[in-house]
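**Q** Below you'll find the structure I mean.
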Amino acid sequence: MRCKKTVVIGVTGGVAVYKALDIVSRLKKKDIDVHVIMTKAAQEFASELSFRSLSLNPVTTDMFDRPNSFDVEHIALAKRADVLLIAPATANIIGKISNGIADDMLSTTVMATKAPVVIAPAMNTAMYENPIVQRNIENLKSYGYHFIEPLSGRLACGDVGRGKMESPEVIVEYVEMLLHSNKDLKGKNILITAGPTREDIDPVRFISNKSSGKMGYAIARAARDRGANVTLITGPTSLSPIKFIDVVNVYSSEDMYKAVMDNLESADIVIKAAAVSDYSPLDYSSIKIKKSEDSMTLPLRKNKDILLEVGSIKGSRIIVGFAAETNNVLDNAKLKLSKKNLDMIVANDVLDKGSGFDVDTNKISIITNDDIISYDILTKDEAANNILDKILEIKR
Ligand code: PMT
């Protein structure tokens, strides 16, 4: 049985070919079998030897190369691919595929494969914006081809504009997402909150908490990789934005409340990992509050409990809360489960070492109306997948 995943990379002619070398190297580090097909033009920009050395596989450069096996080479690669990535992709290869042309090894392999095809264009802005190229892209999207949109910036030709190939890091993240074999959340719309909120006191001070956003982001990434349509509502964090999901950036608990309510309608599952401030200053001072007395009192007002409100109008949705506790962890979490009308609550003792705020691990208990499962310390990625597994067990 073949377990190792295979990515076939089609490299076409453009300055961004050097980035394709980086893509090969990153995929190899993830123990993925990489096979490279270079067009004639690509070979003008980098040598076949470089790709062979990095992929540790023969590189296909021509239709009439002698195959090493009895399979016809383009069919063999087309069948073997779990994902076929074209990076960089020129206007030429996009036009060929869009018109069903198969006149060299790469275009023939694309026509013959049943694997998802990911295209990362790189070209001059005027070419990219040319209506014919755009029509070809739209045509291919309508057939299910994946596109990783190019970035704006200074291009090799000196022009400034759209057409720069996405970074190898992001392209590899997209490929990995497609390679994830378990798509058990496909078609589910999941709304996730993450991070802290900030409640301004004056222009330079605010009330917040220690949430880094790591737990909520891990759930968003795992849900995305398992095929869900993810909307992440995030308070201010220093984490890199998650690609290929919908992200709504918010600041205060009031902003988070509005964003959750705006996105609730289409959600099948809501997971609230955010640490929302329970109180805000009663009055905001538009100028910096000056130091005067030895002590001062800051009057606060209670914020809306977003989860409580979502629970009260949940309909057929599955609602999952978190409980950040320092004592009586399970009992306090169980109270929140029933009070907020939740299907599940994830309790974490935020005083435990390696658990809770601003660390990469967590020690969680998953509580439903039927049972409680307490886990040993897990990475937040592992915790996220356990939470998603348990959500899938909830009957509706
Ligand atoms: O972000 P990290 O650094 O990775 O840390 C992760 C975490 C500790 C923040 C996370 O695991 C966690 O426990 N999140 C919930 C934090 C929290 O606010 O817990 P709580 O017990 O105070 O609130 C209970 C639930 O009600 C939470 O789902 C919370 O999102 C929600 N809530 C709370 C207050 C409020 N005004 N509105 C809410 O919706």
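Each Cβ is built from the backbone N, Cα and C atoms, and glycine gets one as well.
The annotation active site, proton donor is assigned in TrEMBL to Cys157. The CTP binding site feature in TrEMBL is assigned to Asp278, Lys288, Phe322, Lys336, Lys340. According to TrEMBL, the feature domain 'Flavoprotein' maps to 5-176. Annotation comment: TrEMBL describes 185-393 as domain 'DNA/pantothenate metabolism flavoprotein C-terminal'. Residues annotated as region 'Phosphopantothenoylcysteine decarboxylase' in TrEMBL: 1-189. Here TrEMBL flags 190-396 as region 'Phosphopantothenate--cysteine ligase'.
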**Q** Using a Cβ-Cβ cut-off under 8 angstroms and a sequence gap of six or more, which residues of the chain neighbour Lys336 (CTP binding site)?
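**A** When sequence neighbours closer than 6 are ignored, Lys336 (CTP binding site) has Gly321, Ala323, Leu342, Ile345 within Cβ distance under 8 Å.
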**Q** Which residues, sitting 6 or more apart from Cys157 (active site, proton donor) on the same chain, put a CB under 8 Å from its CB?
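**A** Non-local contacts for Cys157 (active site, proton donor): Asn124.
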**Q** Enumerate in sequence order the recorded positions Cys157, Lys288, Phe322, Lys340 whose Cβ-atom distance to ligand 1 is under 6 angstroms.
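**A** Listed by sequence, the hits are Phe322.
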**Q** Please state how far apart, in Å and to a whole number, the two most distant Cα atoms are among Asp278, Lys288, Phe322, Lys336, Lys340, the recorded CTP-binding residues.
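**A** Binding-site diameter by Cα atoms for CTP: 38 Å.
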**Q** Cβ atoms within 10 Å, counted per site: which of Lys288, Lys340 has the most, among these binding-site residues?
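**A** That would be Lys340, with the most Cβ atoms nearby.
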**Q** Under DSSP, is Lys336 (CTP binding site) helix, strand or coil?
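**A** In three-state terms, Lys336 (CTP binding site) counts as helix.
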**Q** If you count CB neighbours within 10 Å, which one among the binding-site residues Asp278, Phe322 has the smallest count?
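**A** Per-residue Cβ counts within 10 Å for the binding-site residues Asp278, Phe322 bottom out at Asp278.
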**Q** I'm checking region-level scores; what's the whole-number mean pLDDT for the domain 'DNA/pantothenate metabolism flavoprotein C-terminal' (185-393)?
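**A** Summing pLDDT over the domain 'DNA/pantothenate metabolism flavoprotein C-terminal' (185-393) and dividing by its length gives 97.
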